[in-house]
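I'd like to ask some things about the structure below.
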């Protein structure tokens, strides 16, 4: 069974690295576009952190509370489709070429229907798979994702502004749920203007699928809900492309700041889940993160 070590590095573009001044220590934690940071860190094979520096109504999931069944704290949920693309850029990629690639990728959301949110950034150091850049997109429905892959504007962007600058990339898509409100769906508002985007891709062993694998992903997703002071939003799901699986499950987490990211990844709660629920069943795992700053100055 192969377990890949994972490396996290934030992006270097831009010069803003904001935090919320979170003062909670790990012991009392539970009580409690683009791309800049000077902080880097490693996630080892055990998942531990060490410092190195409004659409169709058919998509709505109605809670038991709203149907008149007693229960508290249950929110309306809306289905969304998440798209992750990880790129391996050329070693000699210039800043001008990088900006051209990222700018054209970012403009795709304005050139086609169905994309409701997007972020992208540069991974500042090598990871085991040698990915250098990460792109996240959110679609309203599966049909929108299918049209996206065939859209002529997108395919032209890949042909003229991505492929010439890279030597490989992978896509990963999954269906998930978010709070049925305009800001969480579209990832708008002050909370989403900056922070850290974390992407985790995992390949579970075949024998664990449908049981321990789902339990592990769900446990980690539930843990993110317990820390609203650190995390803005998290989604998870199984790979939609069952005929071509390199990774079986994915998770995307938006942290409020670099400091929030470090606190969560270094917490005993996270490490306990990783060691007890992931490690016994995974064949490999890839984790990347990048820093997110307000869009405006450098793009377009």
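Cβ atoms here come from the backbone N, Cα and C positions, even for glycine.
From TrEMBL, here are the annotated features:
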- 81-174: domain 'Stress-response A/B barrel' (DOMAIN)
- 196-290: domain 'Stress-response A/B barrel' (DOMAIN)
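I'm curious about the neighbourhood of these features; can you describe it?
As a whole-number mean, the pLDDT of the domain 'Stress-response A/B barrel' (81-174) in this prediction is 94.
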Reported in the order helix, strand, coil, what are the DSSP residue counts of the domain 'Stress-response A/B barrel' (196-290)?
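Counting residues per DSSP class in the domain 'Stress-response A/B barrel' (196-290), I get 36 helix, 33 strand, 26 coil.
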Count up the helix, strand and coil residues in the domain 'Stress-response A/B barrel' (81-174) according to DSSP, in that order.
40 helix, 33 strand, 21 coil
